[in-house]
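Q: Pasting a structure below so you can have a look.
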Amino acid sequence: MLCRAACSTSRKLVPALGSLGSRQKHSLPDLQYDYGALEPYINAQIMQLHHSKHHAAYVNNLNVTEEKYQEALAKGDVTAQIALQPALKFNGGGHINHTIFWTNLSPNGGGEPKGKLLDAIKRDFGSFDKFKEKLTAVSAGVQGSGWGWLGFNKDQGRLQIVACPNQDPLQGTTGLIPLLGIDVWEHAYYLQYKNVRPDYLKAIWNVINWENVSERYMACKK
């Protein structure tokens, strides 16, 4: 199911605005590992706060915003609908991004990808090390809060690395299909790495779930 769903994460989590009247409420996804499972690279306190507080807040605020949007839609209040767009983008993006992020991590992660994903990385970036350096640099260079992404350009059939500010969702803002996201909001690392974002970015490669990233890539190739 993951393979079929990987390319449509954004579309499933944030329905078309016109269909909000019959929507189901969003819920916080369970993690497939314990909060302490990613130590020593990401400690349990960060994981617990990040998942149960920060991600949960995006989910709750998204549901509240969609309820308000539904009311505005029913009333034909276009002004209110427009005013709610930033909150839909921010909280919807936060939910989409984190739902992908948790699956991109694994206590059994690290190393290098295999098979067709590795071949594509070498084709589009020259080598795995060059890819790793570029995604690290792009993520480190995000001003303020945001994400570094490895995405798939379906039109060109190639991998691309980009940064998105705040919680802007990759597919909704660039058209790229998200494969691997690195959260560089301070809540993702500050309690452990303080203001040294590069140390966090160096550590996170040890828990990247390449199996999940590969599944997402193969799903997008179909």
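A Cβ is built for glycine as well, from the same backbone N, Cα and C atoms used for every other residue.
This is the feature table in Swiss-Prot:
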| type | residues | note |
| --- | --- | --- |
| TRANSIT | 1-24 | transit peptide |
| BINDING | His50, His98, Asp183, His187 | Mn(2+) binding site |
| MOD_RES | Tyr58 | 3'-nitrotyrosine |
| MOD_RES | Lys68 | N6-succinyllysine |
| MOD_RES | Lys68 | N6-acetyllysine |
| MOD_RES | Lys75 | N6-succinyllysine |
| MOD_RES | Lys75 | N6-acetyllysine |
| MOD_RES | Lys114 | N6-acetyllysine |
| MOD_RES | Lys122 | N6-succinyllysine |
| MOD_RES | Lys122 | N6-acetyllysine |
| MOD_RES | Lys130 | N6-acetyllysine |
| MOD_RES | Lys130 | N6-succinyllysine |
| MOD_RES | Lys202 | N6-acetyllysine |
Q: Taking the Cβ of His50 (Mn(2+) binding site) as the centre, how many other Cβ atoms fall within a 10 Å radius?
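A: Neighbour count, Cβ to Cβ under the 10 Å cut-off: 22.
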Q: What residues, ordered by sequence, lie under 8 A Cβ-to-Cβ from His98 (Mn(2+) binding site) and sit at least six positions away in the same chain?
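A: In sequence order, His50, His51, His54, His55, Tyr58, Asp183 meet the Cβ cut-off.
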Q: Taking the Cβ of His187 (Mn(2+) binding site) as reference, which residues of that chain separated by at least 6 in sequence fall under 8 Å from it?
A: Ile46, Leu49, His50, His54
Q: Other Cβ atoms within 10 Å is the metric here; tell me which of the modified residues Lys75, Lys114, Lys202 scores highest.
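A: That would be Lys202, with the most Cβ atoms nearby.
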Q: Out of Tyr58, Lys68, Lys122, Lys130, Asp183, give me whichever of these recorded positions has the highest number of other Cβ atoms within 10 Å.
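A: The largest 10 Å Cβ neighbour count belongs to Asp183.
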Q: Which of the modified residues listed here (Lys114, Lys122, Lys202) have a Cα atom within 10 Å of the Cα of Lys75 (N6-succinyllysine)?
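A: Neighbours among modified residues: none.
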Q: For Lys114 (N6-acetyllysine), just give me the three-state DSSP call.
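A: DSSP assigns Lys114 (N6-acetyllysine) to coil.
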Q: Measuring CA to CA, name the entry from the modified residues Lys68, Lys114, Lys122, Lys202 that ends up nearest Lys130 (N6-acetyllysine).
A: Lys122
Q: Looking at the modified residues Lys114, Lys122, Lys202, whose Cα is closest in space to that of Lys68 (N6-succinyllysine)?
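A: Of all the candidates listed, Lys202 is nearest in space.
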Q: Give the three-state DSSP assignment (helix, strand or coil) for Tyr58 (3'-nitrotyrosine).
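A: DSSP call for Tyr58 (3'-nitrotyrosine): helix.
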Q: With a radius of 8 angstroms around the mean position of the C-beta atoms of His50, His98, Asp183, His187, what other residues of the same chain does the Mn(2+) site pick up?
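A: Result: His51, His54, His55, Phe101, Trp185, Ala188.
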